Every structure is written in C-alpha cells, then in structure tokens.
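Here the structure comes first, spelled out in structure tokens, and everything after it is commentary.
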Amino acid sequence: MINILLVCSAGMSTSMLVKKMQEAAEKRDLEAKVWAVGDSESHEESKKADIILLGPQVKYLESKMKDRVNNEKPVSVIDMRVYGTMNGEKALDNALEAHKNFNK
Amino acid sequence: MEEMELIFFEIISTVGTARSAFIDAIGLAKKGDFEGAEAKVKEGNEHFLTGHKSHAKLIQKEASDEKIEFSLLLVHAEDQMMSAEAFKILSEEFIDVYKRIEEGS
C-alpha cells in the first residue's frame, strides 16, 4: 500500500485530483491511499505518508516540507499543467516515479 | 470533466503557481539574491497573465448573459487570483526594502 499525501492551501482544489488519482490507481490494480490536506494539517498528516505532493500554489513550501520530514520522504511539486487539467493518471505516474527515484 | 471546472482549475493552477513564484521571490531577496528574486517576479507575472486570460473567458460568458453558477471552486479560483496579485505587489516592495537594508549595512 502506497500512501500519497497531497498538500495545497485549503485542501479543496486538490481533493478533485485525489479522486482522479484514486481512480487511476484502481484502474491499474495498485493499492494506493491518496488524500489531501491544507498546509495547517500537513505536518501531522505527513507522518502517515510515503510521498508528499504539493499543489503549485504551495510550491514555496517545498524546502520547508522537506525539512519537516527530515528528508526521509520524497516531496515534490505537482506540475502546473498536470494539476490544471486534473490529470490523475499523470499525477499518479509522477508520484510513483518520485517515490521510486527517492529510495534508490 | 466539465468545461467550467476545467477553466477554474486552469485559473487555480496558473495563478497559484504565480503566487508561489512571488513568495519565492521574497525569500530570495531575503537571502540577498536580488537577481534571482527579480527573475521569480518575472516568472510569476507570466503565469499570472496566463491565468488572467483564462479568467477573461468567464467574464466574457457573463457579459453575454451566460450566468456562471456559484461554486466553492469558483470562489477559490477568484481568491487565489487576488492573493497572487497581492503577493505580486508585496514582492516588489519587499525586494526594494531588502535592497535598501543591504545598501545600508
């Protein structure tokens, strides 16, 4: 089971992407838990995640987030176009890629 | 996905990226990297403009009497736009302030 946490400013716009990513995971029979929170809850929630994705609006939190998880987990920013088109498949691909490359 | 929602997400993603760029610019100015800060502001402006153009589609619809339905997502898009603009203005001022501090030191 891979736990993918999405962070944005209020957790609202990312929740649509969560749904799309969850659908994409189901389609490929991948066991994944995808959920979204706002920055205020992100510290607590990041403890349960294997990978953290940031919405483009909170890109500026990238280094702060990496520090928060002591660089033990991959933190990456969702591509603007992937986010803008709510492309669940691509977002999931990017998440899995980041996770794979991190553990190398 | 619905046409309207797509436009909202277009706006949110572009102006959101712009907002982040402006905030990053302030961080860079704080570190004394003024060139980097100014480059970030330029980047932010470009993304903001793209978002603004998407937003114009909504204004055009309302102008031709095609009412835009209220949705929380629309409010979020508008909100992100205003926030991006505020940070744009602030980033320019902050760069100036940090420059002045650096000159004075």
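Every residue gets a Cβ built from N, Cα and C, even glycine.
The feature active site, tele-phosphohistidine intermediate is assigned by TrEMBL to B:H76. The number of other Cβ atoms within 10 Å of the Cβ belonging to B:H76 (active site, tele-phosphohistidine intermediate), over all protein chains shown, comes to 21.
According to TrEMBL, the feature phosphohistidine maps to B:H76.
Per TrEMBL, Mg(2+) binding site is recorded for B:D79. Here B:D79 (Mg(2+) binding site) comes close to no residue that lies at least six apart in sequence on the same chain with a C-beta under 8 angstroms from its C-beta.
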